[in-house]
Amino acid sequence: EPETIPQVNLVPTVALLLGVPIPYSNIGEVMADMFSGDGDAVSAALQQLSVYHINAKQVDRFLQSYSLVAQDLPAEQLQHLQELFSSAVEEHTQLLTQVQGTVVPPELEPRLGSLISRFQHYLREARAVCTQSWARFHPLRMVGGCTLIASSCLLCYVASELAASSQSFCCSCLLYPLFWGPVGAAVLWLVHVFTQEGLDLLLGLSWAAAVSQLGFFWHWWGQHLKRALLTGSQLPLASGGLRQRLRAWLGLAFPMGILFFRCGAMFSDSFVVAEARVAPFLLASLVMLLVGKLHWDGHLTVPEGPKQQLLGFSSYRREIWYLLCLVAMFLVCVRLSSFFHQCREEIPQCRPSVFLSPLASLRNTRAKNLFYLLCVALLAGLVYAVQSWLRHYGNLNSSDPLVLFVRWGFPLVVLCIACYWAVASSADDSLGKLQELVQVAVVVFPRAVYGLASTGLLLLLCNPMTVFTKDTRESAGCIVTPYLGVPGSEVDFLHVIPQIYKRMQESQKSRLERGSCRATVAAYGLGSVYSAALVIALTLLGFLLMLLHSERLSFAFLLLFVEAFVLLHIHTCARNLAGDAELFSVPWYAVISWLLAASQFFYSTGHQPIFPAIHWNAAFVGFHLDHNTNLLPAVLVGANTFASHILFAVGCPLLLLWPFVCEMSNSQRKKLKKESQEELQEVEEQMMEMRLRESPEEFSTALLRLGLKYLFVLGAQLLACVCAAMILRRHLMVWKVFAPKFLFESLGFVVSSICLLLGISLVMRVDCAVSTWFSQLRLR
Amino acid sequence: MREAGIGRLLAANLLCALSVLLTAVLPALLLDGFSVLGTHLTWLCVCSVCVATLNIILHLVLKPNQSPKRRSFAHKISRFLKCCIYFFMSCILFHAIIVLYGAPLIELVTETFLFAVLLSTFTTLQCLCLLGPNIQAWIRVFSKNGAMSIWESSLQITSMCSILGAWFGAFPIPLDWDRPWQVWPISCSLGATFGYVAGLIIAPLWIHWNRKQLTYKSR
């Protein structure tokens, strides 16, 4: 059985063998067998003693300076160690005075052995004291926290399925636990008041959360039993229960299996290090599996007539080429996004992407100019694309302040960003006398962008309707101008008759012009009013975040927008092909793919979940000198780091809204062709997003379910990171890999949740504005 | 009759599985310095060629879907050319998909292409042998109730198993174990091979187990 030694012992041994000083914070014990030398046992012992002395002096100095700075090492143990050290050193110096050269008097020889063992005892005790105090975990709190997160995930899952079944008691299930939480916290506070202990805020909040979750599960279980009693009396139990349940589980296995692999990858340090490649791989697999599943279920082929079934032939629908093009574009975007990765320091042979360095660091002016023009062209292209999308759906017609901002404010923002990039990337020495102007410009342009973006967001919040109304109804005013008094003379009567005649002429003219159509209110852009508001918000946020990153990362942001757009279209196309009638629920694969794309772009915007990879210079965009507070630079750096989380979380409601916006009327037209001609007058109009307003309860339930599904998937990833950090807390790479990953994932969770709430509240704000608009129309 | 069919399928599949195993062992006796991990590209070529020839021979001998019409020689030549073109196109398509999944774009092109050839041999070649160069029949077979004979069920199972095997074979790549089989594309091609062999063995067993539920529409 070979002897095992702690790894920290390598540090002083190698340092002393090389002849360099032992590192300052070492708490290892030197391996004295290496320092025996060639002589006899006595000279070996003397050499070992000197080596131990050096090591002990280093440890003592470290402990003394540490105890001056921090107080987590217990004072009496430090005192004891100090006594051990001083007595051993005293005896050693005494011994050395009695030794001449390497000749040791024979009576001192047994003292050498005991002195060596005293030094060893000191060093081992010092390490034990440090280990005990530093590598200290609270296992109970860790398990409690994991359980709380797991039950929250379960709550989200159960609530999202619950809301599907009935809307009435989902309110009771979700509202009452909100009251239970503070009650539980109050109980805990009372207990602490009686026992005279201090109340830990963390424990109090956890207790409140646990109590409210218990309340939810208790309500849910009661309702579940009631419902089971009701339905159990009506239907007998299905006979093929096990096989059907297995099939249902297999149906869910397809997106959940990918989520399982993603969470399982958090437990291996190699997979966490390589997560920049794992997330795109899983996302591509998810999309291909979706296409494969559609193919397997026969949704991609033309529905077979009896003749085709006989021949055994099948042929694809025409929409499949559209789907295949989208999938190909999606895969190309995913592959291209791998060119923007940053490197971790654990992988020495990795080269960080060339697009991460700012333009100012390029030496070749031609390349610099070319990249600058490309970046500005990308920004202009993004503005053009957003404006043409809005124009296509009729949202750019009105003269509201928001629409004017989209038409003129967006190009202005692009101009400011372009000027800022031009000034920031110019060489320091080339401008000479314009240095002061450059300093001012470097501060003014970003602040102009901040101001414009916040103006845009304020306008969006105040009046999010981008609808142009054309009212051709007749005004319900009086026919004649009213006048007071009795008509005294014939002149007054003569005054009335021409007005009546003019009014009759106008109404006849309008009736003749439009045939049988009634006068109506035409609203342009009402079918995509929710999505338009979200798209405008996302574009503004995108500009803000592009400003905080280096210039050439605008390629990555363009890939982000293109990939999100293509993903939404793939989702819509898959729904249309599968003939999914339930439009108010977002399937799991869509939510999981949206979150995988968010993780993918965390890495593709030049970030890694380690501290050295944080882009600190994002805090100085628009602020040339030091900051006064910590809040503003924290917000800027946080927005830079979690840019993709912010964009994808705010854009999450698009998963619900996009199938309504891209409502395919082709299927309806084809149905009409098959049916007889006399039903032509029952043309079903395209309602797009107004279909959501037809059933407002279902709309709000759908938003709630989408939010709960998103939180479930986020929570599952967070749970995996937390469990990995808990289980692997003694792993070699815990402080390099697992703990930073846990911190980044939890901060990302907080940011994503807040932005998800903001996105959903924006949709609800638009809903309120649309209701107000409708009520105003009805009043007139 | 049905049992005899399953027996023939089992024999054919076992022969294919055996041939795959032999390609790993036999060339070491004939060529010196050959090993599956060491000279992996050679092994990929040998395996693809062996599996392809064996499958072609088996289908010419066994003729599982006999068409009664006698075809002219020119028709046969055109069919053969069409098969070759489809096979080549499927190799290119697999190569593109593998690169889009994350394989290096410019480096290691030969390795990626030979892996694509191996995958095509396991999937497309079987389709070509069994169904001919008829895309509509392929579409029909790879849908839920589209298999019309036990050979087509077996085709479904072996194709899906080999692609799943290749997908799972990508998992060990990021691990830092420094094994020789973690080099690209060894783990993926070995995964595809294991999946193919497993599919060959599982398919007759699954068909035998489900023989009551499997009702094939007669043509």
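Along the chain as shown, the residues are counted starting at 1.
Glycine is treated like the rest: Cβ placed from N, Cα and C.
Where the annotation comes from TrEMBL, it is an automatic prediction and has not been curated.
So that you can see what the record holds, here are the features copied from TrEMBL:
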- A:174-194: transmembrane segment (TRANSMEM)
- A:201-221: transmembrane segment (TRANSMEM)
- A:246-267: transmembrane segment (TRANSMEM)
- A:279-296: transmembrane segment (TRANSMEM)
- A:320-341: transmembrane segment (TRANSMEM)
- A:370-390: transmembrane segment (TRANSMEM)
- A:402-423: transmembrane segment (TRANSMEM)
- A:521-547: transmembrane segment (TRANSMEM)
- A:553-574: transmembrane segment (TRANSMEM)
- A:586-603: transmembrane segment (TRANSMEM)
- A:662-693: coiled coil (COILED)
- A:710-728: transmembrane segment (TRANSMEM)
- A:748-774: transmembrane segment (TRANSMEM)
Do we see three or more Cβ pairs under 8 Å linking the transmembrane segment (A:246-267) and the transmembrane segment (A:586-603), pairs being at least 6 apart in sequence? yes
With a Cβ cut-off under 8 Å, give me the same-chain residues at least six positions beyond the ends of the transmembrane segment (A:402-423) that come close to it. 359, 372, 375-376, 379-380, 383, 386-387, 390, 395-396, 438, 441-442, 445-446, 448-449, 452-453, 455-456, 459-460, 463-466, 536, 539-540, 543, 546-547, 551
Taking 3+ C-beta pairs under 8 angstroms (sequence gap of 6 or more) as contact, is the transmembrane segment (A:748-774) in contact with the transmembrane segment (A:521-547)? yes
Give residue numbers and ranges for long-range contacts of the transmembrane segment (A:174-194): same chain, 6 or more residues beyond its ends, CB-CB under 8 A. 159, 203-205, 207-216, 219
Taking residues 6+ outside the transmembrane segment (A:201-221), which of them lie with a CB under 8 Å of any CB in it? 144-145, 148, 151-152, 155, 158-159, 162, 172-174, 176-178, 180-185, 188-189
How about long-range neighbours of the transmembrane segment (A:521-547): same chain, 6 or more residues beyond its ends, C-beta under 8 Å? 379, 382-383, 386, 389-390, 393-398, 402, 406, 410, 413-414, 417, 420, 446, 449-450, 453, 456-457, 460, 464-473, 553-554, 557, 560-561, 621, 639-640, 643, 646-647, 650-651, 653-654, 657-658, 661, 686-690, 692, 759, 762-763, 765-767, 770, 777
